[in-house]
Each structure stands twice: as C-alpha cells, then as structure tokens.
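Trainee: So that we are looking at the same thing, I have put the structure below in structure tokens.
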Amino acid sequence: MALINIKAPENIILKPHITVFGVGGAGSNAVNNMIGANLQGANFVVANTDAQSLEYSRCENKIQLGVSTTRGLGAGAAPEVGAAAAQESENEIRNYLENSNMVFITAGMGGGTGTGSAPVIARIAKELGILTVGVVTKPFHFEGGHRMKTADKGIIDLQQFVDTLIVIPNQNLFRIANEQTTFADAFKMADDVLHAGVRGVTDLMIMPGLINLDFADIKAVMSEMGKAMMGTGEASGEDRATKAAESAISNPLLDHSSMCGARGVLINITGGPDMTLFEVDNAANRIREEVNNKDANIIFGSTFNPELKGIIRVSVVATGIDADKIPLYKPVNSSATDLSIEEDEDTKLRAQSTQGDQPVHIEEIPNFNSYSNDEAEIADSLDQAPNSTNDDMEPRVSLTNDAGETPKSSFFVRMWGSLRTQNNNQIPERKNVVVGMPDEETKESDIHDIPAFLRKKRD
C-alpha cells in the first residue's frame, strides 16, 4: 500500500515591496536618518560615486557607482559624470530594484552624482514597471546660480521617468529654522518630508485599522501624476483632528505649498484607540475642502497605532498639482508695452510706435507688394503730406524717442501716424487707408481734407 505524504504549503506572505533608494551624498544622508528613526516596512539602498561616503552609511545595501568611471573619487559636481557612472553600474542597480513594487528615489539636485545618476536609476525602475517616486532637494540661494541651473536641469531630466516628483528647496528651511537651529538639524527637517511620505504609505498597508488600503489604491493615486506634495501633521487636545489636517496640508518646505486642484489625494489618518468617528470625518473633510476639486481621486485610509494615544496623525500625499498649469504664451519684449485686449487698433498702434526699436505686432498687415509703382509712391508720400491746423484734428503722432532720435518703424506705422483720424479717433476703413483714395461713399466735405495732388488723382 503506497503512502502519500502531504506537506503543508509554505506560508508565503504576499505584500508590496517598497524600496528607498538614496543617491549621492544628500540621498545617503536621508537614508541614514530614516534608518536611525527605525522606519519599518521598506528596504534601503544607497548608491554613490564617493567610496569614502559609502563607508559611513548605515545602510547594508550599497552600490559603488562607476568604479571605472570615477575610481571612487566622486563625480566632481559634473552631472554627466554621475550619469555615466550610473550607466556603468546599471546591472547592479537593476538587481537591487528587481521585485520592488514601489521605489522612492531621493537625491540632492545641483551636484554631480545625485543630479546625473537619479534620472538613470529612475529610468531603470520604470523599465521594470515599478511605481517610481522622486523626492529631491534644490540648493540654497547662497550656493550660486550655476548650481541652481544644474539642479533645475536635473529635475527636468528626472521628471521624465518618475510617476510623482516632490521638490524640496533647501531655501525653504529658513521658514521653519531659527538662529539656534544647527545645520544638521535643518537638513534633518528636509529628510523628515521623505520619512513622513514613506511612513504614510507603509502604514496604510501594514498597520491594523478600520480602513486599510492595498497597493493598487496607492498606485491609482501616484501613477503618472507629475508634481506632488507630501505633508504630515500631529496634534492633541481640543480640535486635534482639524489641527493635524491643517498642519499636513500646509507644509512650508515644499516647492508646491498648496494642494488646491490636485488630481489625486492619498489620506492616512492614524490615531490611538481613543480616535473617534467624528474626528476622522473632520480631518478628511478639511483636506477635501483644501483640494477643491470635485473630480479628484481621493483615497482614504485610517489605521490605529497604540503609541499615539491622545494624538492624531494625518498624512497627505497630493499628486497631479501641476496638471492644469499650461505655460502661457508671452510675446518677445512684452514687458515693453502694457496694452489690454480691449483697446482698439488705433490706440495699440500709437502706443507701439513710441517704443523705439520695439517690434510692432498687428493682426493684419496689407500686402504692399501687390500695389503698382504709382500707388506705392502715393502711399509712401503720405507721411510728407501737410496736416490741417483745425483744432478738432488729432495732432500728428511723434515718432521720436526720449533721445530725440527717430526710431526705426515699419512703413505701415509711419503711414498711419501721418493720417488724421476723425470721430473720436475711430479707425477709418482699411481700404481708404492703404492707397489714400476715397471711395464713392466719401462725402463731398471730406474731399477738401485730401491733399491736392490726391484730389487730382481722384478727378
């Protein structure tokens, strides 16, 4: 009789894998602070071109970027060197990212390693189908314009590959720091934004609660959403829920300090066993009012934490903040003129004709090339025609600038400036202006206002 051995299946725990990837010196420091805060639910990886910096990292998973490219000496503030180093170590980066469902890439923009390597790592993550979130800092103003331009270029490169991007200008640290704040404590404040964002996501999936969220909910809010903001607030005592929510939605460190109009919002309200239903409702409604977008995808979760007895913590991730911001067209040298759209064409031309060498833009310019030579000579001589001395006539427009010099202007403007306007500066019909000849509907009294040589032409 054959014996059948039946083994119990292995207890396989299926849960999303979240990786925090620190790049460069600033990214490595952020990971060190998160490890020191004992953040649970995430794996940590640091990557740097500086071998000495890697030695001091608390993280176990380390990548020496570009061994042949930099020889462990850093990128020298050159983003192209940082990018080349990351490309050299692409296989190692890919190995650490595999099996991850979500990755937070943190770096400081403006240097060499973070600015150049972060976009390469983000590209690899996207190729692996990983939900990718970038959390980066921008330089202080005292670091100079060159470093700021480098940072802006790096942010543009990174944004191509991340689903959501959070930018923290270091200059905003002055909003919350005082004269006693140490340099290390100030940077830790910036790192806390990343810490709070990762904790807000992991708590929703691993902490017990009445309303738990799965990874699909997280992905629905953060996938391909562009610029975002994160905020966390804690409060106790009276109105603690509302106060915590208001603190979460007004993070002074972020580049985008308002979540108004966000397309996706992730809300996590955490408290002790004393948290009430009305408090959860007050906090959630306060955030919804701030978003002020009826079409926003708002995903809400609430969890319990015994350590927060008497305290309510509200974490918010608002995404798609810049979805409706389309760059407006601004004409060249538009600051030189201040013309409203309601002004008539005559007013526009007179204002623009006094702007010196500023270009003149009009809706319709006649095709003077179609005129005969005689007509062109007649039209060209209009600026030499004498003006009437009647008091009710508009004075000739001055075509001299402040220096007394005659600026260069188009033929159309010179011609228009020499013509006299009637009826409260109303523009005459263009067919009378172009060739200077009245039509059959012209009144007999108006003929005397036409120069004699034109009157003969008409006769």
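Just so you know, glycine gets a Cβ as well, placed from its N, Cα and C.
Residues or ranges marked as GTP binding site in Swiss-Prot (evidence: sequence analysis): GLY25, ALA26, GLY27, SER28, ASN29, GLY112, THR113, GLY114, GLU143, ARG147, ASP191. The region 'Disordered' annotation in Swiss-Prot covers 383-405, 427-459.
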Trainee: Using a 10 Å cut-off on Cβ-Cβ distances across all protein chains shown, tell me which of the binding-site residues (GLY25, GLY27) has the largest neighbour count.
Mentor: GLY27
Trainee: Looking at the binding-site residues ASN29, THR113, which sits with the largest number of other Cβ atoms within 10 Å of its Cβ?
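Mentor: When each Cβ's neighbours within 10 Å are tallied, THR113 leads.
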Trainee: Counting every protein chain present, what is the number of Cβ atoms, excluding its own, within 10 Å of the Cβ of GLU143 (GTP binding site)?
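Mentor: Neighbour count, Cβ to Cβ under the 10 Å cut-off: 16.
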Trainee: On the Cα atoms of GLY25, ALA26, GLY27, SER28, ASN29, GLY112, THR113, GLY114, GLU143, ARG147, ASP191, which are listed as binding GTP, what is the maximum pairwise distance in Å?
Mentor: 20
Trainee: Within its own chain, what residues at least 6 apart in sequence put their Cβ under 8 Å from the Cβ of ASP191 (GTP binding site), listed in sequence order?
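Mentor: Correct list: ASN29, ALA30, ASN33, MET34.
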Trainee: DSSP on GLY27 (GTP binding site), three-state: which is it?
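Mentor: DSSP call for GLY27 (GTP binding site): helix.
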Trainee: When DSSP states are folded down to helix, strand and coil, where does ASP191 (GTP binding site) land?
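Mentor: Where ASP191 (GTP binding site) sits, the three-state DSSP reduction gives helix.
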Trainee: When DSSP states are folded down to helix, strand and coil, where does THR113 (GTP binding site) land?
Mentor: helix
